[in-house]
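Visitor: Sharing a structure, written as structure tokens. Questions coming.
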Amino acid sequence: MINYLKSFFLYEIIRGMSLTLKYFFKPKVTINYPYEKSHVSPRFKGEHALRRYESGEERCIACKLCEAICPAQAIVIEADEREDGSRRTTRYDIDMTKCIYCGLCQEACPVDAIVEGPNFEFASLTHAALIYDKERLLQNGDRWEQALASKLHKDYEYR
């Protein structure tokens, strides 16, 4: 009987409309995206980048830990030994279509060479443009170095 009375007096509709009316006069929470951008968390996992030392030398020591830990098998590394005996990468590819942005590659890297940066606007029309090679990753690192360094500094206590 009570359910009949509730449906007769349109109780559900009145309840829903009161909820709508409650939020109607509150300030809007949406933003006009291309023109306004919201705050990005320091722990945000975006576009990958390879970092360099202050001297300009790349940080990656070709230990291949990131390749081994990647659950999606999105990273391919080939390395050669230099004249001074140190190993460096000759090929460092990341297939961004396979990547699940878990951050395990960043956690596994002993020298903070591979990081996931603050950029989330890297859409592409072709599959080939989403396969990042070493040069593109180094360019990303050079472009985002200040943001990457501050991001790693903020997260240092929790690592």
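Using the three backbone atoms N, Cα and C, a Cβ is placed for every residue, glycine included.
For 51-80, the entry in Swiss-Prot reads domain '4Fe-4S ferredoxin-type 1'. Annotation comment: Swiss-Prot describes Cys60, Cys63, Cys66, Cys109 as [4Fe-4S] cluster 1 binding site, evidence class sequence analysis. According to Swiss-Prot, the feature [4Fe-4S] cluster 2 binding site maps to Cys70, Cys99, Cys102, Cys105. Residues or ranges marked as domain '4Fe-4S ferredoxin-type 2' by Swiss-Prot: 90-119.
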Visitor: Cα-Cα separation of Cys109 ([4Fe-4S] cluster 1 binding site) and Cys70 ([4Fe-4S] cluster 2 binding site), in Å?
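Guide: Given the Cα positions, Cys109 ([4Fe-4S] cluster 1 binding site) is 11 Å from Cys70 ([4Fe-4S] cluster 2 binding site).
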Visitor: Are any of Cys99, Cys102, Cys105 (the binding-site residues) within 10 Å of Cys66 ([4Fe-4S] cluster 1 binding site) when you go C-alpha to C-alpha, and if so which?
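Guide: Cys105, listed in sequence order.
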Visitor: If I restrict to non-local contacts, at least six residues apart, and a C-beta distance under 8 angstroms, what lies near Cys102 ([4Fe-4S] cluster 2 binding site) in its own chain?
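Guide: Cys102 ([4Fe-4S] cluster 2 binding site) has long-range Cβ partners Lys45, Pro71.
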Visitor: Do me a favour and check the Cα-Cα span between Cys63 ([4Fe-4S] cluster 1 binding site) and Cys70 ([4Fe-4S] cluster 2 binding site); whole Å is fine.
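Guide: For Cys63 ([4Fe-4S] cluster 1 binding site) versus Cys70 ([4Fe-4S] cluster 2 binding site), the Cα atoms are 14 Å apart.
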Visitor: Which residue counts does DSSP yield for the domain '4Fe-4S ferredoxin-type 1' (51-80) in the helix, strand and coil classes, in that order?
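Guide: Its residues fall into 5 helix, 8 strand, 17 coil.
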Visitor: So among Cys70, Cys99, Cys105, all listed as binding-site residues, which is physically nearest to Cys60 ([4Fe-4S] cluster 1 binding site)? Use the C-alpha atoms.
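Guide: Nearest by Cα distance to Cys60 ([4Fe-4S] cluster 1 binding site): Cys105.
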Visitor: Kindly state the mean pLDDT of the domain '4Fe-4S ferredoxin-type 2' (90-119) in the predicted structure.
Guide: 95
Visitor: Please list, for the domain '4Fe-4S ferredoxin-type 2' (90-119), how many residues fall into helix, strand and coil according to DSSP.
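Guide: Per DSSP, the residues of the domain '4Fe-4S ferredoxin-type 2' (90-119) fall into 5 helix, 9 strand, 16 coil.
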Visitor: Relative to the Cβ position of Cys60 ([4Fe-4S] cluster 1 binding site), how many further Cβ atoms are located within 10 Å?
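Guide: There are 24 such Cβ atoms around Cys60 ([4Fe-4S] cluster 1 binding site).
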Visitor: Count, for each of the binding-site residues Cys63, Cys109, the other C-beta atoms lying within 10 angstroms of its own C-beta, and report the residue with the smallest count.
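Guide: Ranked by other Cβ atoms within 10 Å, the binding-site residues Cys63, Cys109 bottom out at Cys63.
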Visitor: If one looks at the chain holding Cys105 ([4Fe-4S] cluster 2 binding site), which residues at least 6 apart in sequence have a CB under 8 angstroms from its CB?
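Guide: Listed in sequence order: His48, Cys66, Ile69, Cys70, Ile75, Ile114, Glu116.
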Visitor: What same-chain residues, at least 6 away in sequence, bring their CB to under 8 Å of the CB of Cys99 ([4Fe-4S] cluster 2 binding site)?
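Guide: Correct list: His48, Ala72, Ala74.
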